[in-house]
Amino acid sequence: MAAAGGGGAAAGRTYSFKVVLLGEGCVGKTSLVLRYCENKFNDKHITTLQASFLTKKLNIGGKRVNLAIWDTAGQERFHALGPIYYRDSNGAILVYDITDEDSFQKVKNWVKELRKMLGNEICLCIVGNKVDLEKERHVSIQEAESYAESVGAKHYHTSAKQNKGIEELFLDLCKRMIETAQVDERAKGNGSSQPGAARRGVQIIDDEPQAQSVGGGCCSSG
């Protein structure tokens, strides 16, 4: 759900966005979130059970952004719970391990599911994680980037271990979500019917202080 806080020019608004991370177990989803929100990294593999979330506050070009980042379990037995966590999401980060071809193929299944449930309004990021293991790569960069382009997503390379590409990933996603929210707001102002915007709950609200970060379980290193 996205909410844009009123009270002045657009540049001074606060946007609240929900972002969900999806992907197989062991690809490093939780490591990415912990590195981004708390600048922490743990080599140990601790499995995420169902889902957890962290929050992050940013200021992008004078626009305040509150992110609620949902980290979901990658195990197959939790797959059916996916819709509970990604409904009303403004952005989705689909993570694969560059050393694991199967994890990349599973990303394609998530993309199909998200497009079916949420249409084209959700901003998609496809992320090749663990680039610190480049010598063990089994997913070609060209293949991954070509696929991302074909489904209207953007492709990124990250390493939670080396803290590479993570800030850029989230910053770019936030900018894209702001642009989408502004388009929805203009459409509402013009009296246009926007089913997608209504589904995601884009609305103008008064600014309210957001709660401090709430941490949950972990996933894999990388």
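For all residues, glycine too, the Cβ spot is worked out from N, Cα and C.
If you look up Swiss-Prot, you'll see Ala2 marked as N-acetylalanine.
Summarising the annotation, Swiss-Prot assigns GTP binding site to Gly25, 28-31, 42-43, His45, 47-48, Gly74, 129-130, Asp132, 160-161 and lists similarity to another entry as the type of evidence. Under the DSSP three-state reduction, Ala160 (GTP binding site) is assigned to coil, being neither helix nor strand.
Residues annotated as Mg(2+) binding site in Swiss-Prot: Thr30, Thr48, Asp71. DSSP gives Thr30 (Mg(2+) binding site) a helix state. Thr30 (Mg(2+) binding site) has a Cβ environment of 29 other Cβ atoms inside 10 Å.
The feature motif 'Switch 1' is assigned by Swiss-Prot to 40-53.
When pLDDT values are averaged over the motif 'Switch 2' (73-91), the model yields 67. Per Swiss-Prot, the feature motif 'Switch 2' maps to 73-91.
The feature S-geranylgeranyl cysteine is assigned by Swiss-Prot to Cys218 (among others), with similarity to another entry given as support.
The S-geranylgeranyl cysteine annotation in Swiss-Prot covers Cys219 (among others).
Annotation source Swiss-Prot lists cysteine methyl ester at Cys219.
Taking only the Cα positions, the spacing between Gly25 (GTP binding site) and Asp71 (Mg(2+) binding site) is 11 angstrom. Secondary structure at Asp71 (Mg(2+) binding site), as computed by DSSP, is strand.
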